[in-house]
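Trainee: If you scroll down you'll find the structure; I have some questions about it.
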Amino acid sequence: MNEEQRKASSVDVLAERDKKAEKDYSKYFEHVYQPPNLKEAKKRGKQEVRYNRDFQIDEKYRGMGNERTFLIKTYGCQMNAHDTEVIAGILEALGYQATTDINTADVILINTCAIRENAENKVFSEIGNLKHLKKERPDILIGVCGCMSQEESVVNKILKSYQNVDMIFGTHNIHHLPEILEEAYLSKAMVVEVWSKEGDVIENLPKVREGNIKAWVNIMYGCDKFCTYCIVPFTRGKERSRRPEDIIDEVRELAREGYKEITLLGQNVNSYGKDLQDIEYDLGDLLQAISKIAIPRVRFTTSHPWDFTDHMIDVISEGGNIVPHIHLPVQSGNNAVLKIMGRKYTRESYLDLVKRIKDRIPNVALTTDIIVGYPNESEEQFEETLTLYDEVGFEHAYTYLYSQRDGTPAAKMKDNVPLNVKKERLQRLNKKVGHYSQIAMSKYEGQTVTVLCEGSSKKDDQVLAGYTDKNKLVNFKAPKEMIGKLVEVRIDEAKQYSLNGSFVKEVEPEMVIQ
């Protein structure tokens with residue numbers, strides 16, 4: 001839904017929500033909410049994406065947060081983490097100050113993830129834990145935002161069972177947070193503002209970045225792939241690319257501010273530029289432009305194999321600041337399962353892509369995502385995933401048990417793989433993941449690698465930690481002054497998922513800002 005199409009800015013759910021009786025809440029979503037529905041969601045609007053470069057917070061809202069504090073709890077992916085940075089930026093522009101003490105915060109926001117059932121259960125548990133705070137301090141505001149807010153079943157559950165929540169808003173209208181807050185302060189009922197699947201591209205939103213070493217940079221929003229297990233196309237909307245000049249300007253500003261690494265974000269970054277109607281411009285072109293900017297390291301995530309072009313491979317192969325690490329989710333190694341998943345590629349085409357990548361980028365580190373126990377997955381089909389892992393030799397993988405999500409096509413399939421079978425398969429897969437990770441790590445012993453030092457180790461404050469360009473965790477002892485810098489470290493010991501080493505020296509990146 002574009003800004004001018006919005007017919008209602010919010011919905012107040014009246015005091016009747018306190019009643020325990022069952023009730024039809026669908027009427028509250030008219031005009032501002034469209035529940036996840038594959039048939040409807042695939043009917044992507046033909047309207048051109050509207051770009052708002054003139055975003056400003058109305059002066060009447062400035063000062064709203066004076067002498068008030070906020071706390072944001074974030075679940076989920078990097079996109080959610082970046083959304084939290086934007087939400088924090090808006091709140092600070094309103095006068096609020098961040099706090100880490102949930103017991104004293106005046107505004108508590110839970111930025112949610114809808115990708116797996118376990119994540120949703122954690123959120124509901126979190127909301128429930130806040131009920132006592134609302135009783136003790138009725139003037140605080142509690143809000144739920146993020147992907148779960150885009151699901152009608154979730155919002156219904158909050159309306160019926162969690163009266164301690166004051167506001168619910170979605171992924172498309174974060175820039176309306178000042179108005180939502182004002183409404184929540186004035187209203188005696190819950191404020192719900194959840195927009196449709198369309199969405200605009202809003203530039204110049206304030207941000208409070210987490211740290212000054214690494215930064216997220218959105219290059220696009222939404223996804224049009226509609227993998228049958230995934231709720232994201234419903235919660236994040238259609239694919240919308242930012243203009244390349246806006247992205248490049250943001251990266252240049254980050255370079256001037258001294259950031260050492262950026263990650264280009266999108267639900268499917270390989271689709272970048274397909275919706276730009278006035279120019280032919282893709283991720284390869286964007287990477288080429290950013291490679292000329294003085295950011296020592298540039299990453300991108302997440303990739304879909306279907307859209308990975310030879311042009312992108314060629315640009316990455318040129319080296320420079322584009323790191324030789326590609327995360328390429330495969331999900332399954334069996335063609336029948338891939339077809340049911342709606343992945344749009346085959347085992348053979350995936351392996352062909354891997355071959356082309358390795359031929360052009362011999363030093364590449366490939367990692368992946370895999371789902372175990374998809375509906376109807378047989379033992380033989382699962383074993384094809386294991387053999388594909390052997391053929392590729394991934395250096396790491398994020399592995400998951402299949403989690404049924406309401407509103408997706410897969411939710412209509414019978415989840416007929418027993419839980420004990422899923423867990424046994426996951427255990428076998430993870431054993432293989434650990435085996436290949438150990439092989440990859442062992443190759444570093446005795447080598448000197450460049451590490452971006454990010455801070456102290458989680459296990460020992462006297463030890464520093466950082467990552468190589470291939471995203472390998474390295475622990476080493478060095479002066480605290482090295483935090484935020486690129487350093488050389490000699491690897492003394494290779495563990496299964498991390499490396500231990502000795503500090504050698506600081507590295508000065510030889511790049512010129514353009």
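Cβ coordinates come from backbone N, Cα and C, glycine included.
It should be emphasised that the depicted structure is a prediction, and the values quoted were computed from it without experimental measurement.
According to Swiss-Prot, the record shows the following:
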REGION    1-21  region 'Disordered'
DOMAIN    68-186  domain 'MTTase N-terminal'
BINDING   CYS77, CYS113, CYS147  [4Fe-4S] cluster 1 binding site
DOMAIN    442-505  domain 'TRAM'
Trainee: If you count, for each of the binding-site residues CYS113, CYS147, the other Cβ atoms lying within 10 Å of its Cβ, which residue has the minimum?
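Mentor: So among CYS113, CYS147, the binding-site residues given, the one with the fewest Cβ atoms within 10 Å is CYS113.
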Trainee: Taking the domain 'TRAM' (442-505) alone, what is its mean pLDDT?
Mentor: 97
Trainee: Determine, for the [4Fe-4S] cluster 1 site, the additional residues of the same chain whose CB lies within 8 Å of the mean position of the CB atoms of CYS77, CYS113, CYS147; present them in sequence order.
Mentor: TYR75, GLY76, MET79, ASN80, THR112, ALA114, ILE115, ALA119, GLY146, VAL232, THR235
Trainee: Taking DSSP as the reference, which of helix, strand or coil describes CYS147 ([4Fe-4S] cluster 1 binding site)?
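Mentor: Going by the DSSP assignment, CYS147 ([4Fe-4S] cluster 1 binding site) falls within a helical segment, counted as helix.
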Trainee: Within the domain 'MTTase N-terminal' (68-186), how many residues are helix, strand or coil going by DSSP?
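Mentor: Taking the domain 'MTTase N-terminal' (68-186) as a whole: 62 helix, 23 strand, 34 coil.
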